[in-house]
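A.B. asks: Dropping the structure in here first, questions after.
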Amino acid sequence: MSEASTSYKKQDGKLLVAQNGRTVTWKPNAPSASSLTIATSEITNLQQTPEKSAKVSIKIVVQRIPGTPPENHTFSFTSPTSARAEQASITALLRKHIELARASGGNTPAPAAEDAPRQPAALAIAQAVSAGARAEENMYEDSRLMLNTELQRELLNARPRLFEIFNQALREKPDTITIIQFSTQFWAARVHDLRAYAVEKSQNQGTYNVLSEIKPVNVDGATRLNISKEQIQLIFKQHPMVRKVYNESVPKMNEGDFWSRFFGSRLFKKLKGEKITENDAVDPRLDQYLSFNEDADRTEQFVMAHVPHIIDLEGNEQDHSQRLGNRLDWTMQPSTNEKVPILRVLNTMSEKMLAEVTPTDAADPHAPAGMDEETYKELKLRDLQRGADDNRIMLKISDKKKFFTGNHGTQNSSSTTYAKRSPGKVLSAVREDVRNISDGMSSGRGLNLETAIGTQEDSDSEDDEEGVEKKARVGNKHSRGAATVQIMGAINQRHLHLDDQLLSTTSTAEQAAKVGLTSGVLDTLAMTHNTTVEFLHYFWTVFLSGDADRALEAEKLVETLAKSLERIKAVADTAEKERERKLGEQKKRIEEHLQKTGKRRKFDPNSIKGGSKAVNDMMAPITRAIGSALQQYKQAYEEQRAQMSQLQMML
């Protein structure tokens with residue numbers, strides 16, 4: 001937010017932060033009062049009232065001229081519903097721009113010394129042009145994207161979800177972390193998003209064959225033509241001959257008559273690539289340009305100074321003519337425009353379109369001239385070279401049995417189990433299973449898989465007996481029930497983690513209904529998860545840096561991660577209260593049904609999903625990640641304390 005309703009010196013108005021962040025302006029609602037403009041670089045201090053205070057205001061301390069007393073400006077937020085939110089947004093935005101102004105203020109280049117050697121003007125201009133070209137080529141580098149605050153602001157405005165994550169993480173960050181540090185860490189994990197957005201902004205709609213898109217329509221015996229100004233400009237650009245005909249004809253005839261006659265003439269069919277017949281209408285004014293060669297005045301854009309032999313078709317025709325053997329197909333034979341005009345028109349139009357496209361394989365203009373080594377190796381005819389000699393070192397083993405036979409090393413549990421079995425008993429069990437299968441197939445009953453694996457469907461006592469420990473057997477009721485629960489649990493868990501395309505088409509209410517939560521709780525949980533991930537990224541960056549000066553920063557981040565656990569617990573408590581409310585409503589409906597019909601419905605509390613269990617299951621990975629981070633920090637902290645104690649004892 002860059003605008004808020006405020007009161008300054010008991011006058012109502014608007015507090016505005018410029019889009020570039022360089023100025024802060026207060027404009028009064030009354031036209032008679034004067035406005036106030038403050039430069040961000042002149043702000044020396046920024047204060048705000050506490051959250052528990054009834055009055056919501058900020059105080060901006062400004063020092064316009066060094067050595068003079070500072071100026072104090074207090075703005076009170078007057079919005080009846082969102083004053084606190086507007087204060088937090090304006091304060092966060094001002095702090096960010098103040099930090100950026102201070103950081104850029106220290107990077108001002110020092111003036112050159114008077115006795116420094118001066119370079120020639122031509123060399124200076126050449127270096128400036130070269131630097132500009134390099135800057136344009138490297139505009140998608142990570143360092144440039146990280147410094148492009150305007151691009152970051154546009155991306156935040158284009159993606160409201162990302163803007164919410166940024167604002168919440170900014171509000172919950174520790175005070176020891178500056179806005180510049182937070183912004184750098186935030187965008188370091190999203191450089192790919194900045195690059196994709198920059199590429200998306202730089203893309204423009206390409207050209208197309210405009211003549212094939214314009215088609216006259218016959219309405220009530222009259223020819224109607226819909227053509228826009230942009231299409232006319234594109235026709236002039238793709239076909240300079242039409243511009244020439246237009247300039248020579250329009251002063252003598254009406255512009256509407258010219259276009260109606262042009263799109264019905266033989267000239268239009270020629271430029272479009274259609275074959276001209278005797279039945280086509282004759283226009284003496286436009287038909288005189290049929291013999292005009294449009295390619296004569298066109299700049300030769302695809303002429304190369306040197307054509308490599310591998311793609312030199314004219315050289316191939318001279319060195320190895322195709323006069324003998326089968327005749328070439330008619331599409332490959334040289335011909336005039338009148339024979340197959342559409343092919344030549346399509347080729348010419350393709351050349352014009354490709355001439356406006358930036359080549360992806362263009363060489364670096366600052367690289368040395370000539371073919372590089374990789375291109376030379378790629379074009380080199382390797383089939384004409386001799387095969388390379390085999391220079392491998394042969395390994396000769398005198399006794400191969402020593403290395404490839406016998407029982408060496410350790411065996412796994414399955415190998416050990418099978419090794420203890422008697423071959424005779426194993427063969428006997430296999431024969432018995434085969435005999436049972438054969439008997440079932442011969443009797444016409446088919447193969448019963450339950451009988452083959454030894455399942456006893458009628459026997460329930462083996463799973464229900466208490467106090468008797470039995471060995472788990474494949475196929476019994478307990479094993480099948482456990483397998484069913486495991487498979488269904490995996491399916492339900494996979495169903496919740498849909499791919500990005502399905503998630504984009506699924507509403508928040510539908511996603512929340514699957515886990516038994518409300519949309520508000522799910523949105524709060526998602527926002528808590530996103531901000532926690534940001535703090536985890538920042539924590540590991542600081543913790544693994546090994547910089548002793550950032551120890552206090554790591555300690556504050558640990559406190560923030562601990563607060564994240566509290567926020568997750570608060571969301572879980574809210575979800576549990578909603579589930580208890582749903583349980584109460586369900587019980588109330590059952591009692592009402594009992595009073596009306598005298599029959600009591602069966603009540604299953606597990607049928608109502610959601611609650612703290614759903615929240616804890618969804619946040620289990622991030623909770624484990626926080627626990628691992630806190631444990632490693634605690635372990636490193638204890639090791640450092642032990643080392644300090646040893647050093648003190650030695651001293």
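Using N, Cα and C of the backbone, Cβ positions are placed for all residues, glycine too.
Note that TrEMBL annotation is computational and uncurated.
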A.B. asks: Using TrEMBL as the reference, determine which range in 54-81, 250-277, 474-501, 558-585 is annotated coiled coil.
C.D. replies: 558-585
A.B. asks: Would you mind giving the whole-number mean pLDDT across the domain 'BSD' (219-270)?
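C.D. replies: Looking only at the domain 'BSD' (219-270), pLDDT averages out to 83.
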A.B. asks: Short question: which residues 6 or more past the ends of the coiled coil (558-585) have a Cβ under 8 Å from it?
C.D. replies: 172-174, 516-518, 521, 524-525, 528, 531-532, 535-536, 539, 605, 608, 610-612, 614-616, 619, 622-623, 626, 629-630, 633
